[in-house]
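S.K.: Pasting in a structure now, in structure tokens, and then I'll have a few things to ask.
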Amino acid sequence: MSQEISCGLEYITTPDLQACLTEALHSNYSFIVANVVHPRFRRSYIPGASKIGGFTRSDMVLSPQDWTSRIVAKISPYICVDSKSPVVRQRHEDCLNEELSYSRGLGVPAIMLSLQSRNTNNLSRILQTYYETSHHPSLIWASVPMYCTRNARRNNQDDDDECEEAWDETWHWWSKFHERLDWDKRVGVVLELSADIPPQEILKRWLGEPVKAIVIPTSIFHNNKKGYPVLSRAHQQLVVNMVEHEAQVIVSGARRSNIEYYLQYLFRLWQRRPYKADDPMLSYARGWEDYLQTPLQPLADNLDTHTYNVFEKDPIKYDQYQRAITQALIDIKHKRLNKDNKEMMNELCNDVKEFSVSNEKNEMGHGDCLQETESITVMVLGAGRGPLVRATFNAADITKSKVKVIAVEKNPCAVVVLAAQVREVWRDRDVVVIPGDMRHLNLSPKADIIVSELLGSWGDNELSPECLDGAAGLLKPDGISIPKEYNSYVAPISSPRLWAAAKVASSSTTNQKEKNLETLWVVYMQNKHDIAGTKPVFNFKHPAKGTKDHEGDELTDYRGLPLTDNRRSATVSWDVEQDNVMHGFGGYFDCSLYGGEMISIVPSTHSPGMISWFPVFIPIKTPLRVHKGETITATFWRCVNSRRIWYEWIVEVGNYTTPLHNANGRSSEMLL
């Protein structure tokens, strides 16, 4: 999230460019928006004719630093390269190419142009050529109004559906234009605010687009009692929402007040916004917004010290684990107490002749039950550097339980740290470190409780089911697994930014781009819009039950453990309530640890302050345009063989079906 608000000043005309820039900088604006071509130089381009002299001002009126950091070049507003007139279209195309070429020579950071309709085929073609022929091209900012007044005038403004259509129309201008440019991340949108505020659903959809700036006309400001310009509360919230998504602000229009007052007001508005920095997740994720990362494979690879250090800083996750372990210890103690009492009652019934002696034994036995003699064995599987071991000892102290902790870890570096803590920190504790893969160990005594933190951002994508099923022989038949159950979830999302980033994430070759769009990416998603809500996909429980044969008998492996099947498939559907473009899915999970204790990264139930997991982005190779009233149907498969796990997925909208993604794990897989 942006720490400071960046404001620019738009000049409709710039008779003296240097004076305009100086005025804006003295008023603390960061940049100005100015026409590339001076109005006096507006020209009728004649193909093939030699030109004498320039078509605009000299670039020497400003320093190179000013051009490259403080000027947003605006294309002449009259240019319409998609005109129905062939003559106008060709002349304007020549003029546009001339202005693009000159802007490239100036090295301006961004070029702003206006979209006027859905018909932008020729404009998209010209810009595609511009990018193909430029070594260091500027960003393209496509300016659109949030509200289409032309559409509103043509229809009945009192009709709610027609009014919604006027808000929808300009999004279609932008979306189709961006689609023709293949969702290029170098292309962003600039929204021109109006006096009216869009419905919340319209605003949320815009927040999923790469909004580079918002234009605030001075006409929507009104003066307060002291004569200073201010915005309505609704406009204030809209501006804050946009700036939180990294949009800059451009003040435009007639000066109804001192230009410094507009900037000062916007600064105060940003400083007075509801402060969210106290949220540990937002603080932790700052700087990682929309940054794609490859999911970890801790089973195949050993984690490094930095990764352990990051995970151990999570204040919420280990507190929840400690609560779950505490409840499990209490339940085991009660279970043992009830068992001992039952045995004593049987002993009393069998010894009727010596009632008084038996009664004395009963009293003594009851006291002995309160004085715990047998340790509760807790195995921490995948102990890392010991945070769950510490949580177990804390829980034991809280419940006054005697525990024996067995820490199992395969990473040699982490084993060194665990061994050092056994010598230096846990000297007075009953704890032992076992190096090795939990799936291949046969330890005694068996555990009353096994505790693990093997979950990935999509629940099972770090192979927790395979690890815990392989370690099932370490747990007593009536033992407790923490976690006991977890579910993965998906929601269809629109995010041109994430899709474009995934496409070029690891290589520029065509084959690799295809693979990138068949890969799960871990990412803190900010610039995205949820087309519909989250729905569950896969479910896993532990200890897992084995599959059954045709006679209903549970199958076992060569060790006598339940033979589990972790293949899964699920089909989920969503009704589309608003026109949109689907770029993939957001993936989440929640987990039931034990005794009602939960951890979750599902947006609606997210554990407050938990930072250990970002969601996953599951892209589709070709973004799908979905319309209100249609149904999105997606099928996901979790596929398993002897050495790897992978996901496959396919999407259907109306009569269109995508190709199968990641067939046979050709692009992404998790190694066993």
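Every residue gets a Cβ built from N, Cα and C, even glycine.
Annotations in TrEMBL come from automatic prediction, not curation.
Since we're looking at a predicted model, the values are computed, not measured.
As annotated by TrEMBL, active site, proton donor/acceptor applies to E453, E462. Per TrEMBL, the feature S-adenosyl-L-methionine binding site maps to Y308, K317, Y318, E409, D437, M438. For 28-271, the entry in TrEMBL reads domain 'PRMT5 TIM barrel'. Annotated domain 'PRMT5 arginine-N-methyltransferase' per TrEMBL: 284-482, in sequence order. Feature annotation from TrEMBL assigns domain 'PRMT5 oligomerisation' to 485-669. According to TrEMBL, the site 'Critical for specifying symmetric addition of methyl groups' annotation covers F311.
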S.K.: Give me the CA-CA distance between M438 (S-adenosyl-L-methionine binding site) and E453 (active site, proton donor/acceptor), in Å, as a whole number.
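M.R.: Answer for this pair: 13 Å between alpha carbons.
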S.K.: Which of D437, E462 (the recorded positions) has the most other Cβ atoms within 10 Å?
M.R.: E462
S.K.: In whole Å, note down how far the CA of E453 (active site, proton donor/acceptor) lies from the CA of E409 (S-adenosyl-L-methionine binding site).
M.R.: 12
S.K.: Would you mind giving the whole-number mean pLDDT across the domain 'PRMT5 oligomerisation' (485-669)?
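M.R.: The predicted confidence over the domain 'PRMT5 oligomerisation' (485-669), as a mean pLDDT, is 93.
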S.K.: Which recorded positions from the set K317, D437, E462 come within 10 angstroms of F311 (site 'Critical for specifying symmetric addition of methyl groups'), judged by C-alpha positions?
M.R.: K317
S.K.: Write down the Cα-Cα distance for K317 (S-adenosyl-L-methionine binding site) and E453 (active site, proton donor/acceptor), rounded and given in Å.
M.R.: 10
S.K.: Take the C-alpha atoms of Y318 (S-adenosyl-L-methionine binding site) and E462 (active site, proton donor/acceptor) and report the distance between them in angstrom, rounded.
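M.R.: Checking the Cα atoms of Y318 (S-adenosyl-L-methionine binding site) and E462 (active site, proton donor/acceptor) gives a distance of 19 Å.
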S.K.: Cα distance, D437 (S-adenosyl-L-methionine binding site) to E462 (active site, proton donor/acceptor), nearest Å?
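M.R.: If we compare the Cα positions of E462 (active site, proton donor/acceptor) and D437 (S-adenosyl-L-methionine binding site), the gap is 15 Å.
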S.K.: Around the Cβ of M438 (S-adenosyl-L-methionine binding site), how many other Cβ atoms lie within 10 Å? Please give the count over every shown protein chain.
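M.R.: Total other Cβ atoms inside 10 Å, all chains included: 25.
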S.K.: Within 10 Å of the Cβ of K317 (S-adenosyl-L-methionine binding site), how many other Cβ atoms are there?
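M.R.: The answer is 25.
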S.K.: Rounded to a whole number, what is the top Cα to Cα distance in Å among the residues the record ties to S-adenosyl-L-methionine, namely Y308, K317, Y318, E409, D437, M438?
M.R.: 24
